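Heads up, the thing below is written out as structure tokens.
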Amino acid sequence: MRSWIFFLLCLGGKALAAPQEALPDETEVIEDPTTEEPVGVNPVQVEVGEFEEPTEDVEEIIAENPCQNHHCKHGKVCEVDDNNSPMCVCQDPSSCPATAGMFEKVCGTDNKTYDSSCHFFATKCTLEGTKKGHKLHLDYIGPCKFIPACLDTELTEFPLRMRDWLKNVLITLYERDEDNNLLTEKQKLKLTKSPRHLLRQVKKIHENEKRLEAGDHTVELLARDFEKNYNMYIFPVHWQFGQLDQHPIDGYLSHTELAPLRAPLIPMEHCTTRFFEACDLDNDKYIALEEWASCFGIKERKYLPA
């Protein structure tokens, strides 16, 4: 159980961010640099030179670099057309940075190992518009390997461990942020968006003497603890859904949104794929909050505000 937490926290800033594959209807947009603010920045603080008159040199630099603020989805890079306008084209896989280790490799749903997520998405881009490209997704982090079938008995036990793991991940993040300040700025931003009473819930779980400490517990113990301390598990399950949901207005998780959690788990937990497939009760390829909560045995289906 501790290895789960350590592994995913290490990958959080690197491998987990990789499989943010664009949705089919995603369009390329020009980023507005004023829409995002670093955590802790005073909203009235100004940059040096903000009130200076623009010079011709600045305009020339912008004109000469039309791709400077033009962002493309994974697998594409910006190029300039004949009219000096930016456009996104498929990246040549050979132009991807050289990989440094095995943890950078990823396995596609075609059961092929790619040197990195960059190589994977660049390859997927070249298959756009084809049946093969539509079906190709990033399956999991690490080189492809044999994943044993998940038995029915194992599938029943999986949510017990997963539920306990979500609770322990949240507690670990809370402890590190409070004591060592090891949370990333993005993680801090997501946590500080929650109302104070939600943060107090994490503190209550952390300080509860009845809390089952992280460890390799039997499924019987995990089941008893869930029955006795049910309220400790509600918030971690809802919190994880909120962390994954990049489009809260729709209230469901797509394959892309689920990938940061799913991809690193599959090599360690062979029931991961079958579990999340079972969560999709209506088989619409999306997991709604109600389905997510039901998978973990949580009765409360109300979405916790972000």
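Yeah, the Cβs are placed from backbone N, Cα and C, and that goes for glycine too.
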Candidates are Cys67, Cys72, Cys78, Cys271. Which one does TrEMBL pair with Cys150 through a disulfide bond?
Cys271
Pick from Cys144, Cys279: which cysteine does TrEMBL list as forming a disulfide with Cys295?
Cys279
So of all those disulfide-bonded residues, Cys67, Cys88, Cys271, which one's Cα sits nearest to Cys96 (disulfide bond)?
Cys88
Model confidence over the domain 'Kazal-like' (89-146) (mean pLDDT, whole number):
92
Rounded distance in angstrom between the Cα atoms of Cys78 (disulfide bond) and Cys88 (disulfide bond):
5
Tell me the Cα distance separating Cys271 (disulfide bond) from Cys279 (disulfide bond), rounded to the nearest angstrom.
12
